[in-house]
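Participant: Just lifted these from TrEMBL, have a look:
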- Gly165, Arg166, Ser167, Ile233: NADP(+) binding site (BINDING)
- 5-120: domain 'Tetrahydrofolate dehydrogenase/cyclohydrolase catalytic' (DOMAIN)
- 139-289: domain 'Tetrahydrofolate dehydrogenase/cyclohydrolase NAD(P)-binding' (DOMAIN)
Amino acid sequence: MAQLIDGKAIAAQVRAEVKAEVAAWVAAGHRAPHLAVILVGDNPASASYVRGKTQAAAEVGIASETLHFDTHLTEAELLAEIERLNADESVDGILVQLPLPAHINPSRILHAIRPEKDVDGFHPVNAGRLLLGEPGFVPATPAGILELLRRSGIETAGKHAVVVGRSNIVGRPLAVLLLQRGIDATVTVCHSRTSNLAALTQQADILIAAIGQPRYITADMVRDGAVVIDVGINRVEDPAHPRGYRLVGDVDFEAVSQKAGWITPVPGGVGPMTIALLLRNTLYAAQQRYTYTYKARPL
Ligand SMILES: NC(=O)c1ccc[n+]([C@@H]2O[C@H](COP(=O)([O-])OP(=O)(O)OC[C@H]3O[C@@H](n4cnc5c(N)ncnc54)[C@H](OP(=O)(O)O)[C@@H]3O)[C@@H](O)[C@H]2O)c1
């Protein structure tokens with residue numbers, strides 16, 4: 001039976017550390033770090049993610065504001081808003097909640113954010129820094145996964161990590177992070193065109209599923225004793241549940257947990273880490289703006 005990696009508890013630890021560091025920063029005479037969140041339209045899931053982020057920010061002493069725009073906001077208007085926030089010295093971090101309405105090009109928007117305020121780590125400068133192994137903002141979900149491994153005492157050096165999924169938000173930056181010096185995994189990246197996926201996942205010491213397909217990774221695809229990190233958040237119908245659905249991961253948790261050595265649950269695994277690492281990035285944004293240099297990440 002696998003040991004559970006308790007993302008909720010580890011995220012609480014990271015948030016407590018951020019809170020203590022924010023308090024020390026303010027006690028040293030600086031203003032509180034300030035996060036500006038942009039929400040366009042009225043997608044209920046996006047609104048709920050934004051509330052989660054701003055509430056978590058308040059709990060650690062980070063000031064935040066949500067700029068909520070009507071779905072008809074034009075791309076030019078949104079770019080003007082980003083320019084305003086870029087120039088505003090009281091704003092340390094800018095986050096644009098995705099997805100944006102179809103008439104707005106998300107790349108054009110994300111590329112307009114000043115890299116030193118890009119706490120989501122999606123700007124090409126930060127993506128490039130990650131690729132080169134230089135300090136910069138690392139997207140919160142991959143950074144959160146690394147923290148889960150590190151704080152659970154799981155060795156990565158020399159291990160074979162198999163990442164299933166190559167999105168710009170999770171799979172791709174995670175694969176690059178796992179390759180970093182100091183983390184030192186040997187990395188295989190799989191995607192929807194991979195032939196014989198199971199033959200590769202069966203070789204994984206560390207298997208990370210970021211696919212978006214409910215319970216896709218089954219027990220026969222997992223090696224005995226492997227570390228299994230489930231990034232997926234999928235809604236499946238469940239008439240017994242008050243909301244009519246429940247959340248499951250990309251991994252068949254019941255069966256895989258009988259075989260794996262370590263496993264993250266859904267919910268309560270990677271999800272809470274994403275918010276905790278966003279808060280840490282916002283703190284770093286405030287600190288590095290003060291010193292005008294990129295601060296090396298402790299990874
Ligand atoms: N816990 C969190 O905080 C958090 C954060 C972000 C995302 N998520 C969740 O993580 C999941 C992935 O998110 P994402 O944004 O990375 O999704 P995405 O952009 O849809 O990317 C999915 C990736 O999985 C690959 N894939 C899809 N079906 C596959 C299959 N049958 N076999 C192998 N590879 C397959 C796709 O391959 P191709 O590239 O070939 O299409 C793609 O690279 C979603 O459930 C999402 O909700 C969770």
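Cβ coordinates are placed from backbone N, Cα and C, and glycine is handled just like the others.
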Participant: Determine the most Cβ-crowded residue among the binding-site residues Gly165, Arg166, Ser167, Ile233, using a 10 Å radius around each Cβ and all protein chains in the structure.
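Facilitator: Within the set of binding-site residues, the most crowded position is Gly165.
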Participant: When you look at Gly165, Arg166, Ser167, Ile233, which the record names as binding NADP(+), what is the longest CA to CA distance in angstrom?
Facilitator: 16
Participant: With DSSP as the reference, give the number of residues of the domain 'Tetrahydrofolate dehydrogenase/cyclohydrolase catalytic' (5-120) in helix, strand and coil.
Facilitator: 60 helix, 18 strand, 38 coil
